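Chemist: Quick one: structure below, then a few questions.
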Amino acid sequence: MNREEQRLAQQTMAFVLAGGRGSRLYELTDRRAKPAMYFGGKSRIIDFPLSNAVNSGIRRIGVATQYKAHSLIRHLQRGWSFFRAERNESLDILPASQQMNDENWYKGTADAVAQNKDIIEGYGPKYIIILAGDHIYKQDYAEMIRHHVESGADVTVGCIEVPRMEASGFGVMKVDTEDRILDFIEKPGDPPAMPGHPDQALASMGIYVFETEYLFKIMEECAAVPGYSHDFGGDIIPTIVRGGKAVAHPFSRSCVRTVNEEAPYWRDVGTVDAFWQANLDLTDFKPALDLYDTEWPIWTYSELTAPAKFIHNEEGRRGSAVSSMVSGGCIISGSSLERCLLFTGVRTHSFSQLNGVVSMPYAIINRNARLTNVVVDRGVVIPQGLVVGEDPALDAQRFRRTDSGVCLITQPMIDKLDM
């Protein structure tokens, strides 16, 4: 980061939209918002945009919460309380609250910002960067802010190339040769292809940079239009594209990579399959996302636990793990793991076999269990002798099984078993 980028970051406030449920994760988000979902053995999803902001030199951050916010708020209080007001630093948790007009829910992404206008203006940032709180990536926001200032844009939109057939869940844009946005379509049924790349589309990452004064001005103008949906992708960005200057910022320009990361990494882990795959990808010999990057750390709350322990060394009862990540507080007692990722405090008991398992914290895998391609929710107690991943029809009756064969197991599902 050069001096100019550092100066711009100090003039910027980050506003993180962290109120979404993530309904395609099904029971995993019954008790927590999607940004509070676990990822990578010890982190939460929200730790990634927050770490990007801190590592980029941004020290004023607001986090808007709404759906099932307790788990998220508790995590932020425990893991992100190191900001010092005397150093002009703060992280404000901004739950939806009753306003003068008696409305108390955020009606959309733009409304979350509008309802906190007084707090934002109280800090007086010249620039504001709007961030989605539910994606996995490493990015230097200071570089994106510099691009915004140098281009003279009214808004700069972070963008990434995605397969066209997967782009209908994003805002999709058309750009000219200088990255000026010519059209912006929110969640199109038939996403337009990129010129020369018929199978690719240019999708919004849900990251926007504005001058703060301009943002509130354009929001007031949009709010006066009948049918206003209080949404950045549905209202604010298309309005600027039509009457102002909107510029696309390719993620490849500001993504953070180590020598071990071959391509820019950005994931929306919004389905059970995507969540399972992205976690297990971290166990690869050369993972696409390098969490061992000490130059760009992912800050989080770290529980005080003992180191992981592996015990027993008998034939058929050997505590072992291959191509796996095992977090602190875990005890692998006479069981075998292959390509697994275990969060804090998981216990696996003798003769159990785990292959392709992602386990949330403090789950217990009892003796003789065999689990293949499974996501285990926090605190689940797997009964002795349970077999999952070998009988698709039976798995589908008892658990949530995806089309690709990944099974999600929660405690209420276990409680219904006749064993």
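Including glycine, each Cβ sits where the backbone N, Cα and C put it.
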Chemist: Please state which member of Ser90, Ser97, Ser204 Swiss-Prot lists alongside Tyr106, Gly171, Glu186, Lys187 for binding alpha-D-glucose 1-phosphate.
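Modeler: Answer, per Swiss-Prot (alpha-D-glucose 1-phosphate site with Tyr106, Gly171, Glu186, Lys187), from Ser90, Ser97, Ser204: Ser204.
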Chemist: Fewest other CB within 10 angstroms, which one of the binding-site residues Tyr106, Gly171, Glu186, Lys187, Ser204?
Modeler: Lys187
Chemist: What whole-number distance in angstrom separates the two most remote CA atoms of the alpha-D-glucose 1-phosphate-binding residues Tyr106, Gly171, Glu186, Lys187, Ser204?
Modeler: 21
